[in-house]
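Feature annotations, courtesy of TrEMBL:
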- Glu405: active site, proton acceptor 2 (ACT_SITE)
- Glu405: active site, proton acceptor 1 (ACT_SITE)
- His537: active site, proton donor 2 (ACT_SITE)
- His537: active site, proton donor 1 (ACT_SITE)
- His404, His408, Glu432: Zn(2+) 2 binding site (BINDING)
- His404, His408, Glu432: Zn(2+) 1 binding site (BINDING)
- Cys562-Cys574: disulfide bond (DISULFID)
- Asn60: N-linked glycosylation site (CARBOHYD)
- Asn94: N-linked glycosylation site (CARBOHYD)
- Asn345: N-linked glycosylation site (CARBOHYD)
Amino acid sequence: MKRQFRYKYFLLGLILLITFFVYIECQSLDDYNEFLEEQNLFLLRERNRITKAQWSHDSNITNFNEINLIEKANAFDEFRKKQAKLVEEYRRTNVTEPLPESLRRQFDKLGFLGVSVLDEIDREQWQASLLRMEKIYSSSKIKLDEDEDSNEINDDYRDGLPLQPDLTQIMATSTDEPLLRKIWQKFRDATGKRIRDDYLKYIDLGNKAAQKLDKGFESYDDIWVSDWNMENFREEMERLINEVMPLYRKIHAYVRFHLNRTYPGVIPKDGTIPAHLLGNMWAQHWSNLLQLIPEMQFFPDVPSIDGAVNEKLQKNKQIIFSYATEFDCERNVPIIRRIFSQSWNEKYDSNLLESIHFGTSHRNRNDMVGDDSHASAWDFFERNDFRIKQCTVKTLEHLLVIHHEMGHIQYYMNYAGQPTVFREGANRGFHEAIGDLMALSVVTPQHLSRIGLLDRKHLEKNLDELNLNYQLRMALDKIVFLPFSFLVDKWRWDVFRDEHLARHLNQHWWELRLKYQGISPPLKRSEYDFDAGAKYHVAANVEYMQYFFAHILQFQFYQHLCSYVDGIEKLYECDFYRNKQAGSDLIQMLRKGSSEPWQKILNDFIGTDKLSLGAIFEYFEPLNRTLSEFIEKNSIEIGWDVESKFNIYINRFCF
């Protein structure tokens, strides 16, 4: 009897002890959650302040807005420095047991500083260098000689042409080779060449910040790469670009064949293509060539999708239905309407794939220092304040850009309920992939016909030819972009890590462009030039590998969502517009933000955590086959040879 009595007391004591420890653990978790919730609210407030200052600056680059942005950026850095120190101290003194994944990730993110680790003087120099580079880039205009004689140039342009929309439009629509060469050179003189010194300071300070973080980082690129949370990230990206190069080389050979006919005597005999002839200021997208050289289409007698859609767009003041985001380029005033009230697929009158309104582009901006006309989507971390800033013209290209930016907005909206530190894409590539995913479905001939931008009779009569021409158009955007998007950050990784390359910035840039793109400069270059700096993302400190990652990932997303669409035989014909299952699945992924490792989020969404080119090869299989047949029929040589002739393009001297 006594033994039974003692046993009952023992069990009661054990239960009380377990209850006590469970209570203590729950109390600890409650304390951690309360602390993190408070820190996330502080971060939300500060992100709102810095985003407002950045918006004011980027939409109207004045001296006042520049000073205001510097002040807000310094204040944000000081806040993050204090917050990270507080978070690490709290974690060290209060957290004694393993944390749940969500809490651990919040502590990790809040405790990581990045460039904010720099002391006040270095931080101010960093901000000043970045702002000068972005200001030079955004305010640059080029003047043409008074004796310039070209049908492409109007007398109104003589005081200087900005990149958007004027230079971009000329590069996309002109076949005047001397004019294109002149614009290509002058734009680089007005941008990259002028920011070279600041870029060298930026490299030094970025590397200094990386080394001060006490994370074992050697250079600034290590900060970028660590954020991907992926072993052998650099090697994996290199593997992917090498895997896609056979298809790229076929496209390159096909395009070079047609350019040789359009510009006789201009194309080098080494097989490279001069960078100014590809319809784009940076030769990163080549689809404009299909308008410039109609015979480049597989079926030139079939009107191009771009031409047909552009004609429809020009006839419509408002495209599709009711909501819009405009940017008044003349007054440089952002006009933001409340464009989303429901998540995608929950209210079809608020569908991402509907209702786009175009503003018009104007050139009268002489009252401003400049404006950043690079299209962008913004999360203001304040209730439902999401914005798109873009100067638009009525073209299919701009229609797709708007849908891309709306994809970002959709992502912002869906993860807005997460803690502030998780209000971001699963990784940076996810955000860009979601933007492009929306555009992938929009640009199919079937979808364009469905929304009234492509004549249905025209579609039904020429479906096979339209689809193959459309495949070529997509490849000139998507596949052609992959080598460029890879090499931009490959170049930055190299120059961050190798002091020797700081004296050979331009030489190394062209080594990579020649190697991966088969692109050559139209004029001889030297270290007095800084052609990488003629790209916005280089001048503005925006990592570019996210675009390479996204251009692969978007096809995996697309392939997965198309599995919900009945009656699809070929992937490139898929349109998941208004498909409830696809929309619901996508939203579940978007809502997670970065609350879980991106590999887990990807696996939960599409069933694999690996980046793969399989979906791309399936999508472009008809094009790949047709290119092979064309190349064999016309005895076209694939590839290029620049190793022995590099000095044709680069003066080998340095500073």
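Even glycines carry a Cβ here, placed using N, Cα and C.
Heads up, TrEMBL stuff is auto-annotated, nobody curated it.
On a predicted model such as this, the values are computed, not experimentally measured, just so you know.
All features noted in TrEMBL, drawn onto the structure.
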residue: Asn60; record: N-linked glycosylation site; Cβ within 10 Å: 20
residue: Asn94; record: N-linked glycosylation site; Cβ within 10 Å: 11
residue: His404; record: Zn(2+) 2 binding site; Cβ within 10 Å: 22
residue: Glu405; record: active site, proton acceptor 2; Cβ within 10 Å: 22
residue: His408; record: Zn(2+) 2 binding site; Cβ within 10 Å: 22
residue: Glu432; record: Zn(2+) 2 binding site; Cβ within 10 Å: 23
residue: His537; record: active site, proton donor 2; Cβ within 10 Å: 17
residue: Cys562; record: disulfide bond; Cβ within 10 Å: 22
residue: Cys574; record: disulfide bond; Cβ within 10 Å: 25
Margin query: I want the residues beyond His404, His408, Glu432 whose C-beta is within 8 angstroms of the mean position of the Zn(2+) 1 site's C-beta atoms, in chain order.
Written below: Ala377, Glu405, Gly407, His431, Ala433, Ile434, Gly435, Asp436, Ala550
Item checked: Alpha-carbon spacing, Cys562 (disulfide bond) to His408 (Zn(2+) 2 binding site), which is rounded to whole Å -> 20
Next item on the list: List the Cα distance (Å, whole number) between His404 (Zn(2+) 2 binding site) and His537 (active site, proton donor 2).
Entry: 17
Item checked: C-alpha spacing of His408 (Zn(2+) 2 binding site) relative to Asn94 (N-linked glycosylation site), in angstrom -> 37
Note to self: Cα-Cα, whole number of Å: His537 (active site, proton donor 2) versus the residue listed as 'active site, proton acceptor 2'?
What the structure shows: 16
Checklist line | Pairwise CA distance, Cys574 (disulfide bond) versus Glu432 (Zn(2+) 2 binding site), rounded so that it is a whole Å | finding: 20
